[in-house]
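Pulled from Swiss-Prot:
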INTRAMEM  106-126  intramembrane segment
TOPO_DOM  25-105  topological domain 'Cytoplasmic'
TOPO_DOM  127-463  topological domain 'Lumenal'
TRANSMEM  4-24  transmembrane segment
């Protein structure tokens, strides 16, 4: 059989599966009149580690604080913060993690994994059908968006789907494959086709909202930018609290330090979209400088697939006045480590150019200024010489370190800007911007299409 015959057959089978399931599971999911005064219920879904999905945890917390029942769905892994675990209105549903325990070939395992994920997600959402809202993180796009569309069409038609766009899934795939690769093209089509039909689209930057209109033809009236903001547990530390942190972690992170040391902190997932060579080369320039500079203690938090490569490069550097420590921290300890630092560093290089690094938001929440690798959307968060410095390459980063730590006035200036950022919290932003979408509070701002120039002449009827 010709290759295109196989392709057509697979497409027909894929489209037939939801129809068959619909016929087998169809029920009237409308609320009876006796239920209309009950609490509203929202499903918060992320096909990822819940404990490492802070923005979705913040959504769940905000919804519960506003009186919604929340079904929080995702992988078991890192421990979420206590206000999630101890909230009677939040029920956690763990999605089983699919591992390649049989050592199958990559392609074979990938196909079987996606099929299994379809079944797990459909089964979970069928059990939770009838919710008022379904709030979904994207990416990952496949198979999440297709399953969510099926759920909304066939299992729970009354549910309003809200997609929270953190990035574009197809651009992440394009880090590994050429943009012209058939898989990247399919991923882009899939993301636009299934993702474009939501009730509302949240996105992390204004620039991303504009790209969603241009790339996927979405209506600007349904796009609401929601910048990440620091949650309640990220806050500036007093001098006594900083001393407590230095004492509590003296044996592991702050050993052999003097009062002259300056502390830099960075968080990384050790993945290709974060080039840690920029930081290491910048630190090498700082170390080689003939200027009278203070010694540095650099704390790198996080874990990921490229961590062994990073540690090997650190070992080769043999720096004299720069020492590097790595750590994987508990949720409660991470804000404390940030708050004790003099400067934060972000190595995030966006695959799309449209998202923003959550780590910078966390650092601002703790009142520490940030040096960040520059890209298109970064200016929506980092304002050079106001709350941080945007740099291109290791030379600019190294020179920035030297400038800030040899001129206290410059560091103090951006420190003041970071402290101002710490006052603009997630709770304040969420209630004003997102709350009304979930029937919480009242609109207090302009329509998104007017405020951000997202106006569109396209019809919303098919959304």
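Note that Cβ sites are derived from N, Cα and C of the backbone, with glycine treated the same way.
Within the same chain, residues 17, 21, 25, 43, 45, 47, 73, 93, 95-96, 98, 100, 134, 142-144, 146-148, 150-151, 155-156 sit at least 6 positions outside the intramembrane segment (106-126) and bring their C-beta atoms closer than 8 Å to a C-beta of that stretch. The helix, strand and coil residue counts that DSSP assigns across the topological domain 'Cytoplasmic' (25-105) are 23 helix, 21 strand, 37 coil.
A mean pLDDT of 89 is what the model gives for the topological domain 'Lumenal' (127-463).
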